[in-house]
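J.: I have a structure here, written as structure tokens, and I will follow up with some questions on it.
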């Protein structure tokens, strides 16, 4: 979307407490959120979507929920990347014993600062999902979408949490993914991009958090095979997104199977010829 595609700009930036017409409020907030997305001002995207939730409707449109998903994904994605870099450097310095005690302390402080910021963003979204978005969600794609988000952000928390908190976050991620998957099986077609995206992320959870590549492969292969069987009934509007996710599932299956083979854990049932 480009600026030329947008409607005329609103007269003012709305804040909580402003007395405005609900329909105009929602339209203007959505305009500002889309503008903020183009400018990569993710906190502004979130604030406008929260305004819509507070003053218009907790049941977001597909466009609105995609915007809030993109905003949190970008905010947390940058933090997760930063954390991995700092964590890797810290471990390398500890192993090589090349850093002074003071430098190691500085590395630890920076890592913990990023962890605190990342945990705050994840918790903020998880509370919004649990208290507002999921209770208002309709049956079908919307409910699957939000449960999947729950699973994703508990998974992010589990990536860097200490042992006890990691186990708790991993368990909550598993429960959210299971709820999403159960609902997806009964309400969405196997080729539906939201169902496929859920299968992909659920498989990543088993591989990265639960350290179970066999379960990851089983889940991903089942989702892939079922979707391929139904491709003939897939509408054109869903085609592009679904095919992209199918390719990601295929790539992960090949990678995980190779890893298991190298570790002597390869199972014949995952020997796939593409």
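We number each residue from 1, going along the chain as drawn.
Backbone N, Cα and C atoms are what each Cβ position is placed from, and that goes for glycine too.
Quick paste of what TrEMBL says about this protein:
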DOMAIN    26-265  domain '14-3-3'
SITE      80  site 'Interaction with phosphoserine on interacting protein'
SITE      155  site 'Interaction with phosphoserine on interacting protein'
J.: Residue 155 (site 'Interaction with phosphoserine on interacting protein') to residue 80 (site 'Interaction with phosphoserine on interacting protein'): how many Å between their Cα atoms?
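T.: Computed Cα spacing between residue 155 (site 'Interaction with phosphoserine on interacting protein') and residue 80 (site 'Interaction with phosphoserine on interacting protein') is 12 Å.
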J.: If you count CB neighbours within 10 Å, which one among the recorded sites 80, 155 has the smallest count?
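T.: If we count Cβ atoms within 10 Å for the recorded sites 80, 155, the smallest count is at 80.
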J.: Pop the mean pLDDT for the domain '14-3-3' (26-265) in here, whole number is fine.
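T.: Reported value for the domain '14-3-3' (26-265) is a mean pLDDT of 93.
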